[in-house]
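Now, the feature entries from Swiss-Prot:
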SIGNAL    1-20  signal peptide
SITE      ALA40  site 'Ice-binding'
SITE      ALA232  site 'Ice-binding'
Amino acid sequence: MFSSTYLLAIIALAVSSVFAAGPTAVPLGTAGNYAILASAGVSTVPQSVITGAVGLSPAAATFLTGFSLTMSSTGTFSTSTQVTGQLTAADYGTPTPSILTTAIGDMGTAYVNAATRSGPNFLEIYTGALGGKILPPGLYKWTSPVGASADFTIIGTSTDTWIFQIAGTLGLAAGKKIILAGGAQAKNIVWVVAGAVSIEAGAKFEGVILAKTAVTLKTGSSLNGRILSQTAVALQKATVVQK
């Protein structure tokens, strides 16, 4: 009987030989400079660990909650023991507000770019139940909620791309993970989600989330990629690493 590692190697070879490299990458613009970017608020239940910058606009710094912020001497950014990088908000000193306005605009543009791509390679595949599945490069589209109650694999090379268009909600069950195989990289995986996103306790998520609404990472969960939300991001002792 073949091992799972051997089978994944065979699938990786098939992907590189048969499937296209995936859709054209989504241009994030200056929104890509942030591990977390949101419009309405970013909250944490300490201790969370964020590697990268956190930006908030048009909401003010009072909506950066749970971080115990320390303002810089310039008044243009703050720091937190939970964040490796700067935190900025719309009411900070010049030029921060204009930088954030541009980033928020770029986030909206990226969302539209990803959400309106046509001609999906995979339409309503697995009816949105991704647990146990293997996903090659391509453009995926669902008009319903998408979730995983078991681990699943995203497989492809380091230059391949994925766009997952989701009209409903997105969820990853507690303790489950997305496995990257064949060299696939989180920075090349885009989840464009119209509904709420919930990464349950202890789950491990991979990719860039472009969210129309709220994103929640529950206790002990982690994300490699970025969270770009048009409303709010809530972390509960979670880890976010910008990729």
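The backbone N, Cα and C atoms fix where each Cβ goes, and this holds for glycine too.
Here ALA232 (site 'Ice-binding') is positioned 5 angstrom away from ALA40 (site 'Ice-binding'), judged by their C-alpha atoms. Fewest Cβ neighbours within 10 Å among the recorded sites ALA40, ALA232: that distinction goes to ALA40.
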